[in-house]
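As structure tokens, the structure follows; a few thoughts come after it.
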Amino acid sequence: MYTDLKDKVVVITGGSTGLGRAMAVRFGQEEAKVVINYYNNEEEALDAKKEVEEAGGQAIIVQGDVTKEEDVVNLVQTAIKEFGTLDVMINNAGVENPVPSHELSLDNWNKVIDTNLTGAFLGSREAIKYFVENDIKGNVINMSSVHEMIPWPLFVHYAASKGGMKLMTETLALEYAPKGIRVNNIGPGAMNTPINAEKFADPEQRADVESMIPMGYIGKPEEVAAVAAFLASSQASYVTGITLFADGGMTKYPSFQAGRG
């Protein structure tokens, strides 16, 4: 536990499910004030809010589409209005879907890029704007992926969004380091989340993925949440501009680096 996270205001996009929800609960355990952004499932968001509160934190939910500039502006401003400030912005919302690249429509490409990359930029921009204007040494955490460095056949749009996120994060970190604002990525590997539930329910597919992970198992959302808590804490005060991979060593596995998966 990180005592300095108590009462910190943390915004999490896509915070009602999967990795986002696990992070929300972890910050609840840290007694933080959590702003849970969700896209369209209010019931799921309310469940996440309850879980955060039961863990020891405070929480509100805010509906919004991260591809819409006005929604992201509203999200950040709502956090500030409700809790008085902003300390940590976690850009977690993301989508993926497999399509052969020669069949990928522009609409599909744009949906993934707009959600994963543009949405993260908008969240970063609005948070940093507030930090700069109020002389706050704030923290931005972007949810990247092992695929910011590993090519992924059938997911060219997703890989492009995460590759772009890598350099976006590094650039923002360099630009705002003199102001004490830290910007980092988390790069999860294979995770037991709802987006992967169908795939990992198939024993053969699950075993195939596990065979590419040196640690031998698919990660738990709580393991990514622990990384987020560390990066948000003062224990990481000298850490900026990096991607911290939580992947069980997947990025070091030769056959996966060759494009398998």
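Glycine is treated like the rest: Cβ placed from N, Cα and C.
Quick look at what Swiss-Prot annotates:
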type	residues	note
BINDING	11-35	NADP(+) binding site
BINDING	Ser145	substrate binding site
ACT_SITE	Tyr158	active site, proton acceptor
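Around the residue listed as 'substrate binding site', taking its Cβ as the centre, 28 other Cβ atoms fall within 10 Å, counting all chains. Highest Cβ count within 10 Å among the binding-site residues Val11, Met23: Met23. All protein chains considered, the CB of Gly15 (NADP(+) binding site) has 31 other CB atoms within 10 Å. In the three-state DSSP scheme, the residue listed as 'substrate binding site' is classed as coil. A C-beta separation below 8 Å, combined with a sequence spacing of at least six in one chain, links Glu31 (NADP(+) binding site) to Leu5, Lys6, Asp7, Gly56, Gly57. According to DSSP, Val11 (NADP(+) binding site) is assigned to a strand segment.
Across the fold, the C-alpha of Val11 (NADP(+) binding site) and the C-alpha of the residue listed as 'active site, proton acceptor' stand 23 Å from each other. For the pair formed by Phe27 (NADP(+) binding site) and Ser145 (substrate binding site), distance between Cα atoms is given as 21 Å, rounded to the nearest Å.
You'll find the Cα of Met23 (NADP(+) binding site) roughly 16 Å from the Cα of the residue listed as 'substrate binding site'.
DSSP classifies Val35 (NADP(+) binding site) as strand under the three-state reduction.
If you take the Cα of Val35 (NADP(+) binding site) and the Cα of Tyr158 (active site, proton acceptor), they are about 26 angstrom apart, rounded to a whole number.
For the recorded positions shown (Phe27, Tyr158), fewest C-beta neighbours within 10 angstroms: Tyr158.
Across the structure, the residue listed as 'active site, proton acceptor' and the residue listed as 'substrate binding site' place their CA atoms 9 angstrom apart.
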